[in-house]
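*Asks:* Quick one: the structure is below, and I'll ask about it shortly.
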Amino acid sequence: MAAPCPEDPSLERHFKGHRDAVTSVDFSPNMKQLASGSVDSCLMVWHMKPQSRAYRFAGHKDAVTCVNFSPSGHLLASGSRDKTVRIWVPNVKGESTVFRAHTATVRSVHFCSDGQSLVTASDDKTVKVWSTHRQKFLFSLSQHINWVRCARFSPDGRLIVSASDDKTVKLWDKTSRECVHSYCEHGSFVSCVDFHPSGTCVAAGGTDSTVKVWDVRTHRLLQHYQLHSAAVTALSFHPSGNHLVTASSDSTLKILDLLEGRLLYTLHGHQGPATSVAFSRTGEYFASGGSDEQVMVWKSNFDTVDSGELTKVQRPPAMLAGSSGNRPETAFPVPPSRGRSQELGQSQPQEPTSMPQTLTSTLEHIVGQLDVLTQTVSILEQRLTLTEDKLKQCLENQQLIMQRTTP
């Protein structure tokens with residue numbers, strides 16, 4: 001008996017609260033929160049639980065261009081046109097720490113998978129790497145010759161990929177800080193880039209309305225799509241690695257089947273350019289933002305996996321026979337999760353793993369608490385420094401007054 005066809009993606013919810021175009025979206029790892037940044041200079045943290053109030057974080061002095069949750073979900077990074085990066089604790093207080101080193105608009109922020117590092121990209125033509133816990137700038141990568149629009153860590157944290165208005169995508173070795181390779185196939189500005197969950201491929205989109213996929217081991221162009229009628233503004237891999245979602249200035253979102261190298265769905269929801277898109281950590285949902293000030297949450301319906309299955313289905317895309325729309329030369333077997341949908345949190349039989357689930361959860365909780373503790377200590381240190389400065393100034397003023405009064 002043939003397996004039932006998966007349903008089309010469906011609009012699940014939409015959030016309205018921003019006062020200008022939405023620039024970026026990201027889900028927290030536990031799917032309880034969704035963050036968005038906007039030209040209105042604010043971050044919103046939306047609660048996926050119905051009837052819950054959203055948090056509005058104000059602190060940036062200009063448009064917020066990018067947001068990203070830490071792997072534990074206890075920290076939230078943002079970048080802005082005000083040239084700063086902020087790390088927030090996404091709770092009702094909304095306290096933040098400011099990172100300064102860029103000299104122009106910060107376009108992209110992304111945490112490393114271990115939560116220890118943050119990579120940022122800027123109009124100052126640099127990619128910068130920061131220590132999250134030490135709250136410290138570490139080093140710059142400076143070979144781009146135009147604005148850098150996006151930068152991402154590889155899943156293992158060893159590589160960084162960046163996309164620039166100089167029409168290149170560059171691959172960097174984090175340890176040696178060297179540029180490993182430059183991909184020059186784009187005919188115009190490259191606006192977004194991301195690693196495939198397997199870490200073996202990268203996909204990039206640009207103002208030439210194309211999406212390209214390269215193998216980072218052989219540096220070969222694997223797939224090329226020209227499906228949008230305007231600039232590709234954002235993209236996100238499904239956690240299984242089988243699908244890619246793209247957002248475009250043509251107001252649509254498109255779901256690509258990477259195993260077969262074809263377009264699956266075109267989604268019309270935003271009135272005006274779609275500016276951002278991101279899958280949740282399980283792939284059950286994806287979110288999009290647009291210049292219409294709206295944040296939309298879509299139910300995938302086509303390829304949901306739980307965390308126990310992710311390692312089993314992360315296959316890299318196949319090499320295409322032609323430029324676009326053709327079937328891949330190499331046929332990959334269909335993964336077991338394909339063609340069915342699972343509810344978030346539904347228990348599935350899993351293969352035995354080396355670490356018990358309870359221990360993993362406990363460790364994740366400890367890491368999360370350390371994140372919060374580090375952030376709190378940093379804020380206390382800043383306040384203590386400020387108090388010390390004021391005390392020093394008072395003592396200096398007192399000495400001056402005594403010198404003047406002494407005959």
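Cβ from N, Cα, C; glycine included.
Residues or ranges marked as compositional bias 'Polar residues' by TrEMBL: 343-357. What TrEMBL records for 317-357 is region 'Disordered'. According to TrEMBL, the feature repeat 'WD' maps to 15-56, 57-88, 99-140, 141-182, 183-224, 225-266, 267-299.
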*Asks:* Select the range from 15-56, 57-88, 183-224, 225-266, 267-299 that forms the most Cβ-Cβ pairs under 8 Å with the repeat 'WD' (99-140).
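*Replies:* Stretch with maximum Cβ contacts: 57-88.
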*Asks:* Take the repeat 'WD' (57-88) and average the pLDDT across it for me.
*Replies:* 96
*Asks:* Are there residues at least six beyond either end of the repeat 'WD' (267-299) with Cβ under 8 Å to its Cβ atoms? List them, or say none.
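*Replies:* Beyond its ends, the repeat 'WD' (267-299) has Cβ neighbours at 9-16, 18-27, 29, 31, 34, 36, 38, 44, 46, 48, 230, 233-240, 243, 245-255, 305-307, 341-344.
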*Asks:* At a C-beta cut-off of under 8 Å, are there same-chain residues at least 6 beyond the repeat 'WD' (15-56) that contact it? List them, or none.
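*Replies:* Non-local partners: 62-69, 71-73, 76, 78, 80, 88, 90-92, 94, 234, 275-282, 284-285, 287-297, 344.
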*Asks:* Could you give the number of helix, strand and coil residues in the repeat 'WD' (225-266) as assigned by DSSP?
*Replies:* 0 helix, 24 strand, 18 coil
*Asks:* Across the repeat 'WD' (99-140), what are the DSSP residue counts per state (helix, strand, coil)?
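*Replies:* The composition, in the requested order, is 0 helix, 24 strand, 18 coil.
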